[in-house]
Amino acid sequence: MLLSRFQQQLTQHFPQQPNVLLSLSGGIDSVVLLDLFSRTTTPLRAIYIHHGLSANADNWADFCEALCKQYNIPFILQKVTVDKSTGIEAGARTARYKAIAEHIQANEILATAHHLNDQAETFLLALKRGSGVKGLSAMQIVSHRQNMTIFRPLLSTTKKEIQQYAKQQQLCWIEDESNQNNHYDRNFLRNQILPLLLQRWPQFNQMIARSAKHCTAQQQLLAELLDEELHRYANIDEKSLQISQFKHFSPLKQQQLIRLWLAKCDIPMPTSAQFEQIISGFLNSATDKHPQLRLKNWTLRRFQKTLYLTPQLANTQHFCQILSVNQTIDLPDNLGQLTRQPQQIIYQQTHKTNRLLLPESLRTVPLTIKLHQTGKVKRYQHPHSEEMKKLYQQAKIPVWQRTRTILVFFEDQLVDLLTQHKNQQNND
């Protein structure tokens with residue numbers, strides 16, 4: 001029976017009862033999942049994402065709200081704007097998860113109604129794209145995305161079982177007219193290809209699920225075998241990967257370490273052509289080169305013998321502001337905050353704090369804060385001018401950070417650079 005199997009999945013994967021945010025579309029799958037959860041004592045909320053792609057979306061939102069009132073479950077309606085540049089399906093999925101991430105609470109898991117037929121479709125779509133074992137692993141019953149835990153308790157349940165349950169419980173649901181549009185790859189597989197395959201091989205979906213499970217096992221084993229080395233070279237918090245030893249590794253091992261690093265950083269996986277570019281342009285080029293590669297909303301960069309992932313960076317090079325004693329200023333583009341005290345400047349960014357100790361002669365005078373400087377500059381209490389490029393290199397500041405590094409000036413003289421790397425001190 002579907003209910004008992006559902007309860008078993010819930011207990012197996014979450015022995016301590018979780019709080020659940022259910023992704024509710026109003027279709028038969030999510031309505032059945034809502035009904036199943038309602039028959040447990042699980043604390044439950046539901047969210048409907050209004051993509052604005054159908055003229056019926058308002059009616060579907062009203063249906064979901066009424067359904068949640070019937071079940072006495074808190075309901076969230078969230079409208080989103082879909083970026084169609086990467087395709088409607090991908091854009092809708094990205095917008096949906098982004099909206100859910102904004103609403104889900106720290107103690108909640110996300111429950112979705114993906115089932116066995118969806119798993120088969122996902123596997124075949126990955127096969128069409130030429131995916132490796134990670135892509136062919138398809139969906140997992142429990143997975144993680146954007147710091148969310150996602151639970152798919154119906155993943156081993158067939159569409160027919162869901163339909164039978166809905167009929168037995170006399171449930172009501174809506175039909176999305178776009179599901180019949182075979183222009184979309186998933187619908188083409190669902191409506192035309194899989195019915196033929198199931199007619200020939202009735203257990204085809206179960207066999208696909210088995211293959212996906214084998215791929216998952218291979219991917220997990222690979223990650224386990226390389227985890228120690230990845231830990232040695234990668235800094236996940238800073239999204240950096242040290243590659244000085246990669247010349248001793250085979251191209252396959254190089255690629256797998258980069259794949260695992262990107263996955264841990266929750267970055268979209270590059271295409272095969274992009275991986276070839278990473279191996280040739282990032283790992284095998286001269287250390288004085290500064291290649292970069294766009295990966296969706298991130299940019300892969302290299303400085304010296306380290307790879308870095310950076311988000312889209314705003315232009316901050318023209319920032320210039322006076323910093324007086326006992327004053328606090330906010331830096332642009334989330335670069336942090338500076339607080340001036342008589343003896344020091346305190347730099348705070350996220351959970352990091354750094355201090356620049358000021359010499360006696362500068363403790364009462366106004367100082368100027370800049371984020372960029374080129375050419376030669378006179379150092380405070382130094383006899384000669386120096387090239388900023390040399391100072392940046394000495395401080396090991398990557399090229400793209402040189403328009404985002406705090407420079408403390410007294411009049412036209414550079415007092416020091418203030419970074420997150422180390423405490424700094426200037427003495428008379």
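In case you wondered, yes, glycine gets a Cβ from its N, Cα and C as well.
For Ser25, Gly26, Gly27, Ile28, Asp29, Ser30, the entry in Swiss-Prot reads ATP binding site, with the evidence type sequence analysis. The DSSP secondary structure for Gly27 (ATP binding site) is coil.
Most other Cβ atoms within 10 A: among the binding-site residues Gly26, Gly27, that distinction falls to Gly26. Cβ environment of Ser25 (ATP binding site): Tyr48, Ile49, Trp60, Cys64, Ala113, Asp176 lie under 8 Å away, each six or more residues apart in the same chain.
Its Cβ taken as reference, Ile28 (ATP binding site) is surrounded by 20 other Cβ atoms within 10 Å in the chains shown. When Cβ atoms from all protein chains are considered, those within 10 Å of Asp29 (ATP binding site) total 23, not counting its own.
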